[in-house]
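Colleague: Once you've had a glance at the structure underneath, I'll fire off some questions.
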């Protein structure tokens, strides 16, 4: 087998795809230019030409207590006295409503709307800087870096205010060395409901009664973690909210008159306790303002805002506490907390409504001027209009101040409208699309798809001795990259690696396409026909297996399709699978040919398969089709729900057992999960035993016999321990905590050991040598080396390779037969499991990997994973049976070509089970709990948790990509079901030799493996290219950041993971091939391979 050419071509293809994705994503994702300037106390923001120290003015409040209750959605804060049967999250914070009702001049409760993405780091950045986030910010939630923009924490420190922080350690990463005193607690473990909150409560009240603080920030995480772990509709949420109610009451009792209290949530949560997206349930938090001294000029009125944007907190707090508004803030002051102009006469400290609006408008206009001089992404028309509007308002306000006229409500409304216009303009245009990078990425990806398709059709030519190889493309790519780098150094003085990679990828692709065109021309000239180029004809391209991905790619331009993709892909799998028997029946291959007595016998073609075999294969195909349909139908029960699907109810299996309150239902789910896990293990071992792969003593067999069942036992025990409530067995609490740590880590260790042993010793062949005595008692025919798939007599009858191919026999024989004694003295060898020598380790590798990936999912997903295994088996047997039945045509090629239909089905099944394991192409659907399996106390870095979440999210992509070579092996494995003399290699009348056929044709084996891999890559690449096109075409669409951009990110990530997984699967096949070659050399010292 030609391992290096196959692997190098696949690596090159993956590399050009990666470069194209990197280019496009770099030009597409929103990146806002940060203005690295800060506001100072000397800024002239008030009327008058003389500079004044803004910070020397008497502030309205000297101190502020900022209580952040993570994920405090507005529904949690409201109180309905008429609700006699509240849910666990309802009516649990009565202190807010009681205070607002009894002290209307001192307090208010508002909905507090966040800008997406609704992740904690971005929200902290939003309500401390007053700026708007960009889409790419969501990726930074794993690794929070310091905020460089001007912010409230910096301004407090600049004027000497002592900021004391306690709670979520994200603040410590965002504001390093900015606090007078800080008490951070680990925040990433979503299963820990109490560590952060209890740590805050140990210091909160003692800090408040002390005098070493001016700003106190306390960030509670219990409510958010309870939502992630149990969901909002759980008794644990009621306990957490009740605790927060007591905290707020205690803080109110300790406040002084010059202190402002702000209780707020950074974001909301969905009905399943998740957040990160832009649905109203995720964006609408609550904000509660209170002070012992009157805070509002009057009771609530109709003019008060219905919703307060989070960015408005920044200028409001800045002006109430007498510090400059952060430079980059685009927020608008909350007008009700400032008194009207006529009520400020004689008041101590603070600004009137009109003064606050003017200072706010002048600060925003200053930022707009600075930003527009640095970046050109705001349209000149909008910028000119905003500048003209501010100039008019400035003239009107200064005239009013000079003339001493009373404030005008119209002027206040105009200033508010101006501030709203600036924020809306920034929100709609704050994006730096790089059209050049996007176009280059599209070009590289388009050529990569075309190259991949052509390479799949020319795989035999590329593997041949006269194939071009990769030397020329590599040299051209290197030369192009160096030339671009040199040009950049000469013209710009620095090297942008992105464009070097783009030039290298494009040149290597164009060179390959040029070679493909020349090869086609030469072949057509030699043959005098266009047979070689037939794959480029429309008749060849417009077939159902290729039309399905084409239609799916076109559908990615529709947001309705993306939203409903899970069910649509399920339908496509069913339709394409149904096409196989229909197509066979259309060609008259599904049933045995009927004998027509009117036709002479000599005119009838010889049947390639006997009628009994045809009937058996047809029955197998239809039975597997039924199993496939059943698996598809049941898999719909495990889908999650997008927030756009209001009618949808998420699967109960998506919730961990710890969330279930009904003990009987919890036990039923656990039994079902354990049964599915046990059946998964049994089916794998049963398959390996059936083909005689459990008879040897190698590492792979040891893994199948011991590590596989031990891993299943560890997983079942881990589920039991994780489902146990914390307060159920107080005496065993320590043992349970040890189990939550030890069991999954033991499972990880067993998984790693098993995969390593399979890689180290992949052979599952058992050799049995018979002595001369046995040979004498045997029949007279010459000795043969048998490769049986089973060790029992019954298995030898049904799964026996009577002769290994002729070259092996010739190399074993010591010449022609010269007498009976020589015959009797020669040993006879039986090699059990040799017929499935390639597929057995790959199957076990995927089965073991599947259990490891199941460990990262909720327990209920065990049933879905079992359906995945059954669907894989059904697809493989449908493919094998259709291949056998197609042999009736007599057109089967000995090149082991895998048609497009099973490859397309395999790819669709990966996407289908992405949805059937509860995943969606949305950020709120990411199962973050996977990061803490085996690590309940959290992580010190970000690489490991990110890797665990990635493995969880793309589990189906990994399993189907790694197991993709099974599509090549399975028709050979299953050919023992019937005689295929017409396809047998070797002597006439020889029985099927299963996967040993691949050893006889190393060049065709390499070609078939390369063709299968490139076809799978082409389908994946076409899907990514379609997502890229959708994002580029619809980049100004209303739903781009809600639907199309997340879909692009998930498709791109899925492609990267699938490509790496496919390379792992192909490399494992090559590793087995090396081991088989060594085995033959050991068995036959003078063998040539």
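Here the Cβ of each residue, glycine as well, is placed from N, Cα and C on the backbone.
Residues or ranges marked as transmembrane segment by TrEMBL: 6-31, 442-464, 497-516, 569-586, 619-636, 667-684, 704-721, 837-856, 863-880, 954-973, 1016-1034, 1054-1072 (among others).
Help me see these features in their spatial surroundings.
Modeller: If one looks beyond the transmembrane segment (497-516) by at least 6 residues along the same chain, the residues whose Cβ comes under 8 Å of a Cβ in the stretch are 12, 15-16, 19-20, 22-23, 26, 437, 440-441, 443-444, 447-448, 450-451, 454-455, 458, 468, 472-474, 476-485, 488.
Long-range contacts of the transmembrane segment (619-636) within the same chain: residues 566-567, 570, 573-574, 577-578, 580-581, 584, 590, 863-864, 867-868, 870-871, 873-875, 877-878, 881-882, 885, 912-913, 916, 977, each at least 6 residues beyond the stretch ends and with a Cβ under 8 Å from a Cβ of the stretch.
Long-range contacts of the transmembrane segment (667-684) within its own chain (CB-CB distance under 8 A, at least 6 residues past either end) are made by residues 653, 657, 660, 704, 708-709, 712, 715-716, 719-720, 723, 843-844, 847, 850-851, 854, 859-860, 862-863, 865-866, 869, 873.
Outside the transmembrane segment (704-721) by six or more residues, the chain places 657, 670, 673-674, 677-678, 680-681, 684-685, 688, 693-694, 736, 739-740, 743-744, 746-747, 750-751, 753-754, 757, 844, 847-848, 851-852, 854-855, 859 with a CB less than 8 A from a CB of the stretch.
For the transmembrane segment (863-880), the residues of the chain that approach it from at least six positions outside its boundaries are 577, 580, 620-621, 624-625, 627-628, 631-632, 634-635, 638, 653, 672-673, 676-677, 679-680, 683, 847, 850, 853-854, 857, 898, 902, 905-906, 909, 913, 916-918, 956, 959-960, 963, 966-967, 970-971, 973-975, judged by C-beta separation under 8 angstroms.
Counting only same-chain residues 6+ beyond the ends of the transmembrane segment (954-973), those with a CB under 8 A from a CB of the stretch are 691, 835-836, 838-839, 842-843, 845-846, 849-850, 853-854, 856-857, 868, 872, 876-877, 879-880, 883-884, 896, 898, 902-903, 906-907, 909-914, 916-917, 992, 994-995, 997-998, 1008-1009, 1012-1013, 1016, 1053-1054, 1057-1059, 1061-1062, 1064-1066, 1068-1069.
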Colleague: Do the transmembrane segment (442-464) and the transmembrane segment (1016-1034) come close, with at least three CB pairs under 8 A (pairs 6 or more apart in sequence)?
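Modeller: Contact between the transmembrane segment (1016-1034) and the transmembrane segment (442-464): present, because at least 3 Cβ pairs are under 8 Å.
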Colleague: With Cβ-Cβ distances below 8 Å as the criterion, list the same-chain residues six or more beyond the ends of the transmembrane segment (1016-1034) that contact it, or say none.
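Modeller: The answer is 10, 13-14, 17, 21, 24, 28, 438, 441-442, 445-446, 448-449, 452-453, 456, 549-550, 552-554, 556-557, 903-904, 906-907, 911, 961, 964, 1040, 1044-1045, 1047-1048, 1051-1052, 1054-1055, 1058-1059, 1062.
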Colleague: What same-chain residues lie close to the transmembrane segment (837-856): Cβ under 8 Å, and 6 or more beyond its ends?
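Modeller: For the transmembrane segment (837-856), the nonlocal Cβ contacts are 677, 680-681, 684, 687-688, 691, 693, 700, 703-704, 707-708, 711-712, 715, 718, 744, 747-748, 751, 754-755, 758, 762-765, 862, 865, 868-869, 927, 930, 933, 948, 951-952, 955, 958-959, 962-963, 965-966, 969-970, 973, 995-996, 998, 1065, 1068-1069, 1072-1073, 1076.
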Colleague: Are there residues at least 6 beyond the ends of the transmembrane segment (569-586) whose Cβ is under 8 Å from a Cβ of it, and what are they?
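Modeller: Contacts with the transmembrane segment (569-586): 544-545, 548, 552, 618, 621-622, 625, 628-629, 632, 635-636, 875, 878, 882, 885-886, 901, 904-905, 908-909, 911-912, 915-916.
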